[in-house]
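> Pasting a structure here, questions to come.
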Amino acid sequence: METSQEPLVTQKKSKPSVWRSMSLFLVPLLLSNVLQSVGQLVGMMAVGRWLGVDAVAAVSSFFPLFFLLISFTIGIGSGSSILIGQAYGAKNEERLKAVVGTTLTFTFLLGVVLAVIGSIFTLDILRLMGTPENVIHVSANYARILFYAMPFMFLYFAYTTFLRGTGDSKTPFYTLIVSTVINIALLPVLILGMFGFPKLGIYGSAYATVISTIATFLVLMVYLRKRKHPLQFDKTVRRYLKMDKELLVLLLRLGVPASINMILVSLSEIAVISFVNHYGSNATAAYGVVNQVASYVQMPAVSLGIAVSIFAAQSIGANEFDRLKQVIRVGIWLNYIIGGVLIILIYVFSHQILSLFLTEQETLYIAHRLLMITLWSYLLFGNAQIISATMRASGTVLWPTVISIFAIWGVEVPVAFVLSHYTKLEILGVWVGYPAAFAVSLLLIYGYYQFVWKKKQITRLIQ
């Protein structure tokens, strides 16, 4: 393919090594994920310590539902990051702004639709999930607070995706610092009712999230305008708010399969938590806390998946296919180095970590067993994520999605159901489903990458 423009990143001869470039990009990205998890961790700790295990169970029951309803937007975001990366690599600022404008409008409208659906059907869905009756109404009301603010929260998430797509991982990190500080500062004020504010209990946690996110989005918009950033909300971006039909179709082609995958992942989590809920609120609380801890283990995988996708998209946009191969290799190595060290540390200090969230011995015991069974397998998850991210950056989204869906619904959910219902493992059988699914996913995704994708001719999507 002809390339008439130089890549935006830098001239080819002056580019640093992939190891250096990806590491420099990865540090703020990892710190962002750490900070985001710290914010969630502090929120969960505040709820658990101040309000008790039932409040933790209420929040834990809600998150699979929330993830289900935002899955489509996450998929669209992944599609927009591919297009942003390729446009940036091709040094095509007009198309860059077109992607921004089109994505913003579609994302906002989608947020409105999901806010309405979520607020109306929250209670019904939580009942289908088997949420314990002693927490279901609190969980539903907590959810509605976040749903009402969803359209505006989505705009903030979209802009952080755009920035990372251009190779800027620092600005999203700085804005996240602002958001986290505001959120943590508001938690005691709104939960306990301080400085004249009403005592909102568990709902104070939701309001703190909403206020901090929207405030940070406004700060980010002002910053981009003052810096005259290419992604600022200027006349060109506003012109494309009407949505470029060609780009929208391409965005949906890239984003819908990823969204379907996200939705089915969410449904699987709803299925899994329904298995867990069968064992009572202690098991539900343990599940929620271990998910928080596992989010730290997933950080290298998720961060590297984002980094590899962006670097791969920029390499494809600039027609630098030798660099693309290096991106894949470096991503896989970093996954095992960073993820391996983190997993070892969490295994060693597992009791101390879980005790930060939980005080009841039965819940601690359940959570510890879950952690021991599943933690190591996130290395396999990370490897599969990196290979999949590379293929998605080229526009190959269907088969990575099919493989992921099969691993979840053909392996994880059936294994969790059968082992928990028909063997002596009981609740331990639920946990075994995770490593089984991650192993199958890696084997299948690597097979497709090696024997099919590598034989394809790769061309950029943004012209």
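From the backbone N, Cα and C atoms, a Cβ is placed for every residue, glycine too.
Quantities reported herein were computed from a predicted structural model and do not represent experimental measurements.
Below are the features I grabbed from Swiss-Prot:
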TRANSMEM  24-44  transmembrane segment
TRANSMEM  56-76  transmembrane segment
TRANSMEM  106-126  transmembrane segment
TRANSMEM  143-163  transmembrane segment
TRANSMEM  177-197  transmembrane segment
TRANSMEM  202-222  transmembrane segment
TRANSMEM  256-276  transmembrane segment
TRANSMEM  293-313  transmembrane segment
TRANSMEM  330-350  transmembrane segment
TRANSMEM  370-390  transmembrane segment
TRANSMEM  397-417  transmembrane segment
TRANSMEM  427-447  transmembrane segment
> Under 8 angstroms, Cβ to Cβ: which one of 24-44, 56-76, 256-276, 293-313 has the largest number of such pairs with the transmembrane segment (427-447)?
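Between the candidates 24-44, 56-76, 256-276, 293-313, the best contact partner of the transmembrane segment (427-447) is 256-276.
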> What else in the chain is close to the transmembrane segment (293-313), if you only count residues 6 or more beyond its ends and a Cβ gap under 8 Å?
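The answer is 18, 21-22, 25-26, 29-30, 32-34, 37, 40, 78, 81-86, 89, 164-165, 167, 169, 323-324, 327-328, 331, 334-335, 338-339, 342-343, 346, 353-354, 371, 374-375, 378, 381-382, 385-386, 388-390, 392-394.
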> For the transmembrane segment (24-44), which recorded stretch in the set 56-76, 106-126, 143-163, 177-197 gives the largest number of Cβ pairs separated by under 8 Å?
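Looking at each of 56-76, 106-126, 143-163, 177-197 in turn, the most contacts to the transmembrane segment (24-44) are made by 177-197.
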> Thinking of Cβ pairs under 8 Å, which stretch from 56-76, 177-197, 202-222, 330-350, 397-417 has the most of them with the transmembrane segment (143-163)?
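Comparing 56-76, 177-197, 202-222, 330-350, 397-417: 202-222 has the most Cβ pairs near the transmembrane segment (143-163).
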> Could you give the residue numbers and ranges of same-chain residues that sit at least 6 residues beyond the transmembrane segment (330-350) on either side and whose C-beta is under 8 angstroms from one of its C-beta atoms?
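Result: 18-19, 22-23, 26, 30, 293, 296-297, 299-301, 304, 307-308, 368, 371-372, 375-376, 378-379, 382-383, 385-387, 389-390.
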